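Below is one structure, written out as structure tokens; the observations come after it.
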There are 2 protein chains.
Amino acid sequence: MTKSKISQEGLTTGPFPNSKKIYESGQIHNIKVAHRSIELSDTKTSEGEIFQNPPVTVYDTSGPYTDPDYAVNLEKGLPKIREQWIKERDDIQELEQLSSEYGQMRLADKKLDHLRFDHVSTMPLKAKDGRCVTQYYYACQGIITPEMEYVAIRENQQIQQIQESYREHRGQCYGAQIPEKEVTPEFVRDEIAAGRAFLPANINHPETEPMIIGRNFLVKINANIGNSPTTSSIEEEVEKAVWAVRWGADTIMDLSTGDNIHETREWIVRNSPVPVGTVPLYQALEKVNGDVEKLSWEIYRDTLIEQAEQGVDYFTIHAGLLWKHIPSTIKRVTGIVSRGGSIMAKWMLYHHKENFLYTHFDEICDILAAYDVGVSLGDGLRPGSIADANDRAQFGELEALGELTQKARDKYVQVIIEGPGHVPMQGIKENMDLQLEHCKEAPFYTLGPLTTDIAPGYDHITSAIGGAMIAWHGTAMLCYVTPKEHLGLPDKHDVKTGVITYKLAAHAADVAKGFPGAQFRDFAMSKARFEFRWKDQFSLALDPETAMQYHDKTLPDEGYKSSHFCSMCGEKFCSMKSTMEVRDLAKKLEDKKELFKESGGELYM
Amino acid sequence: MTKSKISQEGLTTGPFPNSKKIYESGQIHNIKVAHRSIELSDTKTSEGEIFQNPPVTVYDTSGPYTDPDYAVNLEKGLPKIREQWIKERDDIQELEQLSSEYGQMRLADKKLDHLRFDHVSTMPLKAKDGRCVTQYYYACQGIITPEMEYVAIRENQQIQQIQESYREHRGQCYGAQIPEKEVTPEFVRDEIAAGRAFLPANINHPETEPMIIGRNFLVKINANIGNSPTTSSIEEEVEKAVWAVRWGADTIMDLSTGDNIHETREWIVRNSPVPVGTVPLYQALEKVNGDVEKLSWEIYRDTLIEQAEQGVDYFTIHAGLLWKHIPSTIKRVTGIVSRGGSIMAKWMLYHHKENFLYTHFDEICDILAAYDVGVSLGDGLRPGSIADANDRAQFGELEALGELTQKARDKYVQVIIEGPGHVPMQGIKENMDLQLEHCKEAPFYTLGPLTTDIAPGYDHITSAIGGAMIAWHGTAMLCYVTPKEHLGLPDKHDVKTGVITYKLAAHAADVAKGFPGAQFRDFAMSKARFEFRWKDQFSLALDPETAMQYHDKTLPDEGYKSSHFCSMCGEKFCSMKSTMEVRDLAKKLEDKKELFKESGGELYM
């Protein structure tokens, strides 16, 4: 028995309170789609009648970690649920060795053995020569893959089980084409084929549970993790990844810039049930010790291949920031705030050359297509302040991203477009409108945006306002912002706060768009609230722990979990309690209907 | 020397970091308007040039507590800055005794001596017979009061000092008539005369620093405080009030429902530099030991007078909830969630009578007019869940509030209208549109609204999203929501989180509406950020303490307060640092302009 390489001590696993993992089977493919089912207690009326409340099925990003029947083992990695699906398509080859020089070098380095994920010995997969393996390609061929069916079932959250008594507000969706009743596998395929949706699915990340990013689906959120030169270990990063998906991250981006990035990423990917994104430029820069002048296409290219073979599902690539855009950044209040953008601008000025990510974009797409890595076209010129929002630099680059979108599509590479940043509320719609126009409806993926600059420490909130609004207008995925934004590296607590905040912003947008079934959890919560089913309120909350802890702060006794008031108003002033009494009084007046008629009202409509 | 009745130990006073209190004189009246001036450090360029950054003047709700020259003494109360202005109008009388029976009874009770605010011995003021003393009345007569001039100067935040280099985004304000350059005293008068703005100014609250609530002014926020039957003392409530205004509360509402409400209120009013609101129904109900059936117009009327003579600036009155509306609440998911609303509904059903607040509304207005207490027409039927938003009950009541608005105006009583609550994003605009229509542009005062129900523990955020949006559309004041909403009584920490969250939401709306000068603090913050003036960033932040604490968590050494990076990205990956270098590189290329021309770009625009 060798010493274990990684501690699982800091890991938070196990089911949520009163929740269980359920699996729904596919109709087309042999698949099992994971949901979370929240069980509720019964409704007891004042007359002593009892009504059952059906469980509420919700979208579950947490992976096997919340399944009590699953024995977590970080050294083995997660089950490879997509392995068979990928192999059965018979369009891939298993390589005999890693294709990237850097990958080979790290593998050969005995000093790294103690850091290495053991099961890395499996060799990576790649498309057979002349074959295309992207979900976009399959979709265009009319093929519904298991991944697509998985996504359809997942998005529906068992909507068919929602009781009839529940009525929904009409949504307003600004031209999106949200399905009226439910998401079908064919709808998923069609959206991917149209380039309106992205299904991240690197063939080297078979552990991922398929999900989709698109304007006509549920709004998704991304959480950034990653070590930095001064902080954190592999353990901590894996811990953060598991933590982020537990609370609702739909994808994670590993933005590590410190030591052992390669090995850290391997551990993260093997243990991540959600797609993983990266910014390969960061690692490329590490390889030249941070000396921007020494960056080259060759080093970058090798990095792309290295990461693609590890299983990264999408790359942020700042290929749209061109030489011609630089002058319009000079008079900006905050210049270039994208890390990748500022690196590439510096490189261009050092070398007096056009952005190599732009000049080599076709070659980049060929590499990505061979593994089904999606490209997230980075907005190197996103505004870093309200003052710079919607300016010539930003929208100039957006046009270039539109041009690149078409190039990627020509190679069957899946594309999403990154967006701001900092935008005052009145400028949000313009961002969405121009993005849809220039980028031909490719999914938009924004960072917030922050709607004011004056609240450092609360930027998760300033940006949740902008995030909810832009998602309502059509943004498909929101990159979270934590309370530490602009101030420091987020810790675990910040990651959770960021994830929950963005989860609620995304949900507010789903509700506003009228996504089918989206309002059901709100309804179930409100009904529980009105009936003083405190435990059910905690179970239905995005963050059950915090909700219960806040409640218990003033009324900790178990008896108060069924009491008809809380400490906010106290018993005498509880409006919900009063309303119950209003209803009882009203019932007693049933016989005196003339009383109501006199006043022009009917008691029971 | 007698023992002091109240401890000042828990009080937080003194200036904000690098800020000082400044006073601006009036042009028309002999007034001194308080602002907060944030001093900034110099900009040092990479060439060693030094530029001064002028101080930034911001709106200041904190009162004398942040003036180091002011000796705080809770037992004396705040300076009565309005006393002379009120007396000089020569339309008031000093009463010989309190007019309310309850007030007299409390005053005569020797057992309460140890609780009583001493300077209460001053007898209350009231309008002379046949005179009207409301700011609305004066405005209609064409009189610009000192209060109106104060407000004009305060709203401008010394905009005339803003440097020319600063450019603003155009606002979008949905039909509001925001002044283009600055707020003039005549503009304030005109807005009040039109009923579009409310200047809370009870003649018995001379300590208040005048402020205004209206769609064409800066968006305001209210913080609720108040004890509950189980918690807190007079000290704690005064402490909370001073705490709330320190962080930015523009008004406070004392919603106490526990013991000694009368005495607690006296302490709060005498020590509050911002207008104080209450819901008199709560105290009326306490007077009948919580037995709704025993409530009566007489008890309520005495409570109105009692509180008006203490100096409460506005009353929430649920006069629009009528008998005919009750049936439409029966099938709601969450019934009646307004405390006042549920109490009145219960009373009506017990007595088979119309709401006495409605039937006695003219009399109520007569009482209010005699002291210039404003009426905040309560939305007893606001939705308590997304499901109930924008329903027949809610909008039915809103129509009734419109009718009452006219009645109040006929008596020269200032009016604002309370609004929801819980509303999904797509329903927000309809709320604002209907309010403007039914209530003839009377200022709207909303509680959030929450845009989803599923995030208890984070309801300050779910509601800040709705709050920012509805304020952008025209809501004049937002009532804050704390993280404890739906769960328990907020503590001091929750009060601060709620206030800062709402402050940023209100500011996001000011920016979006294009209020003149509103974007300047954002600009100054962004410039400080880009120039790595860390201390200036903290000084300009809504919450300097938290911002600094977050920064220092990873980089505590003093040297890092001037370092050109933070722990978020580290030195090598700091985009702002990179951009500085981009600019330096670009400058060196100035001589090689042909290089840029070749690429179709100009380096300096």
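Positions of Cβ are set from backbone N, Cα and C atoms, glycine also.
Site annotation for substrate in TrEMBL covers A:Asn224, A:Tyr282, A:His318, A:Ser338, A:Arg339, A:Gly340, A:Asp379, A:Gly380, A:Leu381, A:Arg382, A:Glu418, A:Tyr445, and the matching candidate from A:Met148, A:Met253, A:Met525 is A:Met253. The subset of binding-site residues A:Asn224, A:Tyr282, A:Arg382, A:Tyr445 lying near chain B, with Cβ atoms under 8 Å apart, consists of A:Tyr282. Taking A:Tyr282, A:Ser338, A:Arg382, A:Tyr445, A:Cys569 as the binding-site residues under consideration, the smallest Cα distance to A:His486 (Zn(2+) binding site) is found for A:Ser338. Within 10 Å of the C-beta of A:Asn224 (substrate binding site) we count 21 further C-beta atoms, all protein chains included. Of all the binding-site residues listed here (A:His422, A:Cys569, A:Cys574), A:His422 has the Cα closest to the Cα of A:Tyr282 (substrate binding site).
In the three-state DSSP assignment, the secondary structure recorded for A:Tyr445 (substrate binding site) is strand.
Using CA atoms as reference points, the binding-site residues A:His422, A:Cys569, A:Cys574 were checked against A:Ser338 (substrate binding site), and the closest is A:His422. Comparing A:Gly340 (substrate binding site) with A:His422 (Zn(2+) binding site), their Cα atoms are 17 Å apart once rounded.
Within the set of binding-site residues A:Asn224, A:Gly380, A:Arg382, A:Tyr445, the entry lying nearest in space to A:Cys569 ([4Fe-4S] cluster binding site) is A:Asn224 (CA atoms). Its Cβ placed at the centre, A:Ser338 (substrate binding site) has 28 other Cβ atoms within 10 Å. Of the listed binding-site residues, namely A:Arg382, A:His422, A:His486, the sparsest Cβ surroundings within 10 Å are found at A:His486.
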